[in-house]
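Annotation source TrEMBL lists heme b binding site at HIS206, HIS242, HIS275, HIS311. The domain 'DOMON' annotation in TrEMBL covers 45-159. Residues annotated as domain 'Cytochrome b561' in TrEMBL: 168-366. The annotation signal peptide is assigned in TrEMBL to 1-21. According to TrEMBL, the feature transmembrane segment maps to 237-258, 278-295, 307-327, 342-365.
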Amino acid sequence: MGKVIHFLFCILISNSIVSLAQQDCSSYNFRNNEIYATCVSLPVQNSMLHWNYHPTNGTVDVVYRHTGVSTSTWVAWALNLNGSGMLGAQALVALPNSNGSVQGYTSAVTSYGTGLQQSPLNFAVPAIRAERVNGDVLIHATLVLPGGRTNFNQVWQSGPVSNGAPGAHPLGSENRNSLGTVDFITGQTGAGAAVGGSLLHRRNTHGVLNAVSWGILMPMGAMVARYVKVFKVANPAWFYIHIACQATAYGVGVAGWGTGLKLGSDSEGIKYTSHRNIGITLFVLGTLQVFALLLRPKPDNIYRKYWNIYHGGVGYTVIILAIINVFKGLDILDPEKKWKHAYIGVLISLGAIAAILEAFTWFIVLNRKEEKQVNGAHGANGYGRSHDQAA
């Protein structure tokens, strides 16, 4: 009996939540006493969609409402006739003007580097206007649905205004998940897969390649050079391990750098200046390290100490810049928090190992220095000679 009551209670709670969500959408009062038969609360970005479908002529009067929008933010809602994401979307855009008004217009998205320029859509839009009401932005439009269809993929988005034009929207989880389906007859909507497609896949590939190479392998190679070589038994193996780590890191890093260049060329209008500049700097310094290896003086050369200073200085600079740029890249991609936490965990682990090895290295170095001083003192007072003669 208790289980039955618990089950009925859960149903009551869930129905109440659904009812409250519907009420939040349907209780909105439009200006001019406009009434819309159907409305849905979209799952992310505080957005709602209201509409009246007219089966006699295959049109729909639609209002996209985005709540809590600042005066420096554009919003857009779109139907995608053939795809499910941004590319190919037929958008209704609301762009704030400097005088506080909001301009509504149409824009067909033909590339990932779109600036949402005004352009006609693949279907007729006899009327469109936008307004701001109590912090909400509303786009009103009449759409002539193409081919007698009523079920479509939909996309909605928002982003900053830059120099009076729409700028690139963020890549956070809400932005990547601002898509789904809508049926103007049944009123049903559904969620879609995260936005991004091949472009997002290439961004993730770029991030993984660079995080593993510059952000993990490079520090590991530097640790080998600093700590493993103090063990006499590890000579010259430490050198080849160091070279293997750094060469692998450089090769994988160049691949990641190349994907970054390609992403930049395919994302016109989307710029991450500091991330790009640090990446270019890393590539240049990494390449200089490769050439420095080829020009390395012999150990007894008088210029070897200067080469060591240069090589170490550039190496540690690369590691610091690489870690900074990995975090910049994570902020741009904005993946699930676990990935950032995982990288922080790797850095903490490497730092802890480095601290232990640093202390152990100093212990060995000071021990050897003390032994050398003792042996030198014995040799100076004749102990060494008498010992040799006895032998």
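Heads up, the Cβ atoms here are built off N, Cα and C, so glycines get one too.
All TrEMBL annotations are machine predictions without curation.
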| Taking residues 6+ outside the transmembrane segment (278-295), which of them lie with a CB under 8 Å of any CB in it? | 210, 214, 243, 246, 250, 253-254, 257, 260, 307, 310-311, 314-315, 317-318, 321-322, 324-325, 328
| message | When secondary structure is assigned with DSSP, how many helix, strand and coil residues does the domain 'DOMON' (45-159) contain? | response | 3 helix, 64 strand, 48 coil
| note | Spatial neighbours of the transmembrane segment (307-327) not adjacent in sequence (6+ beyond its ends, CB under 8 Å) are 210-211, 214-215, 218-219, 222, 275, 278-279, 281-282, 285-286, 288-289, 292, 295-297, 340, 343, 347
| task | Sort out for me which one of HIS206, HIS242, HIS275, HIS311 has the most neighbouring CB atoms within 10 A, since those are the binding-site residues we care about. | result | HIS206
| remark: Expressed in angstrom and rounded to a whole number, the heme b site built from HIS206, HIS242, HIS275, HIS311 spans a maximum Cα-Cα distance of 27
| said: Suppose you look only at the domain 'DOMON' (45-159); what would the mean pLDDT be? | reply: 91
